[in-house]
Structure formats: C-alpha cells, structure tokens
Amino acid sequence: MEEQQRCATMQSPSREERDADTKSRKGGLLTMPFIIANESFEKVASYGLLPNMILYLMKDYNMGFAEGNNILFFWSAAINFMPLLGAFLSDSYLGRFLTIGLGSIASFLGMLLLWLTAMIPATKPPVCDQLHPETCRSPTAAQLTLLAASFTLMSIGAGGIRPCTLAFGADQIDRRDDPNNKRILERFFGWYYASASFSVLIALTGIVYIQDHVGWKVGFGVPASLMLVATVLFFAASSIYVKQKATKSLFSRLAQVAVAAFKNRKIALPSASGSASNKWFYHTDSCFTQPSDKLRFLNKACVVKNPEQDIAADGTAADPWSLCTVEQVEELKTLIKVIPIWSTGVMMSINISQSSFPLLQAKSMDRHISSTFQIPAGSFGTFVIITIVIWVILYDRAILPLASKIRGKPVHFGVKSRMGAGLVCSAMSMALSAIVENIRRGKAIRQGIVDDPNAVVNMSAMWLVPQHCLNGLAEALNAIAQTEFYYSEFPKTMSSVASSLFGLGMAVANLLASAIMSTVDNVTSKGGKESWVSKNINRGHFENYYWLLTILSVINVLYYVVCSWAYGPSVDQRRTAMDDGKISSHEEELSMLEARVKEEGELQKPKELQA
C-alpha cells in the first residue's frame with residue numbers, strides 16, 4: 001500500500017510545476033487555432049500529394065510502374081520513420097516548438113521544389129511519345145536528385161510536425177490545478193483528431209480533383225501555398241506559446257540498458273537472497289526495486305558492482321551507459337515482449353500501402369456517378385477513411401451497447417481479438433482485389449484494348465469500393481486495437497513509444513512492400529515476359545500480385561495466432577476474466593493488483609501476496 005502511494009505521489013506534479021503553470025500567462029485556448037491549423041494544412045498538403053504521385057512519375061518522368069512505385073514506397077517509409085527521429089530530437093535537444101517550426105519550414109521547401117519540377121520543363125525529361133516508347137528518355141541524375149531532395153525535405157518536415165503537434169498543443173492548456181483541466185484536454189484531443197480526419201478527406205478529394213482537372217502546376221502549387229500559410233501562422237503566435245524545455249529521451253534510456261547489459265555480460269547476477277536487493281540500482285522513490293525474472297540477461301544492466309565507483313554523490317549512476325535503474329530495465333523488457341505481436345501488423349500495413357494499384361485500376365474503369373461528374377481516381381482512398389469513421393461510431397454507439405444489452409452486463413471485445421479480426425479483413429481485401437482485377441482484365445481483353453493502358457474498360461469503378469471498405473475496416477480494427485494494446489501493456493513512462501510503434505510498423509511495411517514488388521517484377525519479367533506489375537495494367541497480371549499478398553496475409557494470420565498464444569493473457573483479458581468470475585478470489589485480487597501495477601508503471605507485486 002505504501003509503495004502504491006509512493007507511485008501515486010511520484011506521478012503527481014510537483015508544487016513548483018503547479019505554481020509555474022498557474023503563474024504562466026502564456027498558452028491557453030488562444031494558441032489552438034495556430035497549432036491545429038499548422039497540423040491540418042500539413043496533412044492536406046502531404047496527403048494530397050501521394051495519391052496521384054505515381055501518375056506524375058510515370059507520365060512526366062517516364063518511369064515504369066514498379067520503379068515509380070518503389071520510389072513512393074521509400075518516400076512513405078521515410079515519412080513514417082522520421083517522426084521517431086523527430087520525437088527523439090524534440091525530447092532530447094530541440095524542444096517541441098523548434099522541432100515543429102523547423103519541420104514546417106522543411107515541408108514548405110520540399111513542396112516548393114516539387115512545384116518547381118512541374119513549372120520548369122528542364123527539371124524533367126522530354127515528353128514521351130507513347131506510340132514510340134523506344135524514344136523515351138530516362139531522367140538524368142540531376143533531375144532525380146532534385147526530385148529526391150523534394151521528397152526528403154517533406155519527410156523531414158513530417159518528422160518534425162507529426163510527433164510533436166499533439167503534445168505541444170496539450171502543453172498550452174494543461175493546467176493540472178484547474179478542476180476543468182480533464183474536460184479541456186478531452187475537447188482539444190477531440191478537435192485535433194476531427195481536424196486531422198477532415199484534412200485527410202479534403203486532401204483525397206479537393207487536392208486530387210485539382211490535380212486531375214487543372215494540372216500539376218496548380219495541383220502542386222496549392223499544397224505548397226497551404227504549407228506556407230501553415231508555417232507563417234505557427235510562427236506568428238510564437239510569443240504566446242508555452243515552450244517546454246527538452247528533457248532526456250526515453251529512447252536514450254532504452255539504449256543505455258542494451259549497452260550496459262552488453263558491458264556487464266560477464267558479471268554474475270546476485271543470488272535470490274534477502275540481501276540481494278542491495279545489489280540492484282534503483283532510486284529511493286522508485287516503484288521498481290528489483291528486476292523480474294524474464295529476460296534475465298538484461299538484469300546485468302542494473303547490477304551494482306562497486307557502490308563507491310558506480311553511484312555518484314547525488315544518487316545517480318556515475319556512468320548511465322554502464323549502470324541503469326531497474327525501472328529502465330523493465331521498460332526495455334516490456335518493449336521486447338510485444339515485438340512479435342507488433343510484427344504481425346506489418347503485413348496489414350503492406351496491404352494498405354498498395355495505393356498505386358487501385359489508382360491504376362480506377363483510372364482504367366468507368367468512374368462516372370452522373371453524366372457530368374466522375375470520381376477522381378485518386379479519391380477512392382476516401383472510402384477507407386469513411387469506413388474507419390463509420391466503424392468507430394458504430395462500435396462505440398451501437399455494437400457495444402447492443403451486445404451489453406443482450407448479455408445483461410458490460411461487454412468489451414478484447415484488443416487481441418480485434419487485432420486478429422483486422423488481419424482477417426486485410427486478407428479478405430486482397431482476395432477481393434484479385435477477383436475484381438481478374439474480371440476487369442478479362443473485360444479489357446474482350447474489348448480489344450490490351451495495348452492501350454489509357455483506355456477505359458466497360459466496368460464501373462464502384463466495384464473497387466468493397467476492397468477499400470475492407471481495408472478501412474482492417475485498419476479500424478487492427479490499428480486502433482494495436483495502439484490500445486501498447487498503451488495498456490506499457491507503463492505510463494513509455495506512452496511515447498506506444499504512440500510510435502504503429503508508425504514504425506508502417507515504415508517497415510513500406511520497405512518490405514518495395515522488396516516484394518521488386519522481386520516480383522524481376523522474377524516475372526525474365527525471359528522477355530511481361531511483368532506482373534507492368535506499366536500497362538492490361539498486359540500485366542495485377543491479380544496474381546494480389547493473390548500473392550493474399551497468401552502472405554493468410555500465413556500472417558496463422559503467425560498472429562501463435563504470437564498471441566505465446567504472449568499470454570493481456571491486461572484487458574485479465575480484467576474480462578475477473579468480470580466473468582473465471583478466476584479464484586486470490587487470483588482475482590492478484591490480477592487486479594497486476595493491472596493496477598501496470599497502469600502505474602510498477603511490475604512488483606505486494607510482498608504479502610508473494611507468499
């Protein structure tokens with residue numbers, strides 16, 4: 001009990017922090033329009049560029065489908081990976097304000113360079129004659145360098161803006177002595193996510209429509225202008241922001257454990273005796289006093305060999321890269337434990353990242369919904385977003401209340417069940433994509449338009465909607481459950497890692513998707529054969545590529561079942577077991593304490609229950 005009270009005291013803000021927040025005249029709701037506008041404009045600009053980019057690379061840079069798609073895979077991987085680096089720099093050195101500011105400038109410069117490639121003919125190879133493809137020239141090294149510089153700057157910008165905006169906004173309104181503080185934060189988070197979703201919808205509709213009907217010059221100029229406005233707005237409110245100083249990053253803490261465990265690999269672990277706790281290094285006000293028995297080789301990172309040499313006068317480690325606290329060790333163990341389950345989400349992310357394939361499919365199909373209006377090919381990704389929003393609303397407002405009413409008690413579908421269901425939906429989406437593409441290609445052959453990749457097949461593009469909806473349902477189930485799983489399993493000190501893992505999975509998925517496509521292209525084009533992922537969608541075999549992803553997705557579902565079983569019961573599974581009365585009173589009390597311990601960042605059980 002005393003240990004729990006100490007943990008609660010540790011997590012409460014100090015008097016100095018409360019006084020500083022009370023006295024501060026900066027921040028508040030006045031800063032919200034500037035922060036939210038910066039994030040919203042960045043999303044509109046960046047998300048609006050990606051859907052049609054494969055067409056720009058193929059038509060204006062004379063690239064093949066596989067080559068252009070691989071470039072986009074690498075760009076997407078950088079966009080998803082850079083926020084990890086941005087979070088590290090923000091926490092350790094730059095602070096959130098400077099990181100967002102530099103990111104905004106980098107994003108604008110990247111979009112400006114991309115706009116210049118559309119404005120200046122010399123930045124691209126000459127226009128290619130489709131009737132005589134042998135005369136087409138590839139882009140020069142200088143032209144590719146300019147394009148790569150544009151993508152790199154936009155990736156750096158995303159790395160500076162995306163990981164910091166939410167936390168920076170919370171810094172402005174987080175007044176813990178205010179009784180309405182929780183409600184104010186909830187309102188901010190709600191507006192933040194609502195604006196983010198709305199921004200993506202605007203990007204996938206408005207920006208894509210401009211690119212299709214007005215051209216690349218305006219289609220790239222609008223995002224660059226929006227990013228310029230976002231940057232100016234953000235810096236305009238500089239004087240009224242609350243700017244927290246950079247502190248030590250959790251990523252450094254985790255790296256220190258790995259280094260210290262390697263340095264101390266030859267020392268022996270203390271024996272399991274009563275005096276052994278004196279050999280472990282922990283702060284006197286810490287919830288962690290000795291490490292767990294799992295992954296014991298990491299325990300060597302927190303062994304005190306010589307107290308006089310290892311521990312400084314102020315109680316800290318003399319060399320944090322040779323001696324770490326028990327708390328640091330347990331944080332790394334928690335991260336390692338979830339890696340297998342995290343890896344199962346990579347396959348779903350690979351499937352989601354296949355946005356260029358549906359784009360070419362939609363472009364070759366009848367997209368008219370009236371005699372005068374047709375849906376832009378790049379806007380079909382909107383159905384993914386719409387499905388996610390509909391699912392979130394139905395799940396919270398209809399499915400759970402109805403299931404609870406039927407059972408007569410509150411019902412909660414476990415995170416691991418939802419993750420598994422999402423993976424199944426992802427596999428179904430790829431299978432459906434293969435079936436639809438097989439039908440579309442068959443119609444193209446019967447219509448005699450195999451050699452014309454720009455011809456429109458007599459088939460409605462609305463047949464693509466179900467596969468987009470399944471992708472959206474897969475993401476709504478798996479991605480949301482993944483994040484919830486990490487937050488519930490990790491101690492609170494690792495919340496930043498929990499929010500970064502899904503993005504890291506997307507980055508890995510983009511790289512693997514590129515490797516899969518390159519392999520398929522190289523293998524299937526041997527001997528002068530037409531590649532499965534040919535630039536001419538009618539001559540290629542995109543349906544076979546989709547079937548390959550389906551097979552990999554089914555294997556991944558089986559892999560997830562094994563990983564879920566090996567992980568053991570999660571926090572929410574233990575809570576459900578308690579609610580259903582499936583465990584004994586002693587086990588119930590122990591599980592409740594374990595769940596509470598996990599929430600408070602503890603791992604040790606009370607001594608009176610260890611007997």
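In case you wondered, yes, glycine gets a Cβ from its N, Cα and C as well.
Unlike curated entries, TrEMBL annotations are predicted automatically.
As the structure is a computational prediction, the values presented were derived from the model and not from experiment.
TrEMBL assigns the feature transmembrane segment to one of the listed ranges (41-62, 415-436), namely 415-436. Tertiary neighbourhood of the transmembrane segment (71-90): same-chain residues 46, 50, 53-54, 57, 63, 96, 99, 103, 151-152, 154-156, 158-164, 246, 249, 251-252, 353, 356, 496, 500, 503-504, 506-508, 510-511, 513-514, 517, selected by CB-CB distance under 8 Å and a gap of 6+ residues from either end. Counted over residue pairs separated by six or more positions, the transmembrane segment (97-120) shares at least 3 Cβ pairs under 8 angstroms with the transmembrane segment (222-242), which defines the two as touching. Listed by sequence, the residues of this chain that lie at least six past the ends of the transmembrane segment (415-436) yet keep a Cβ under 8 A from its Cβ atoms are 341, 344-345, 347-348, 351-352, 357-358, 361, 463-464, 466-467, 470-471, 473-482, 484-485, 488, 543-544, 546-547, 549-550, 553-554, 556-557, 560-561, 564, 567, 570, 572-573.
For the transmembrane segment (501-520), the partner stretch with the highest count of Cβ pairs under 8 angstroms, out of 140-168, 222-242, 545-568, is 545-568. Residues 337-338, 340-341, 343-344, 347-348, 350-351, 354, 357, 416, 419-420, 423-424, 426-427, 430-431, 433-434, 437, 516-517, 520, 532-533 of the same chain lie 6 or more positions beyond the ends of the transmembrane segment (545-568) yet place their CB under 8 Å from a CB of it.
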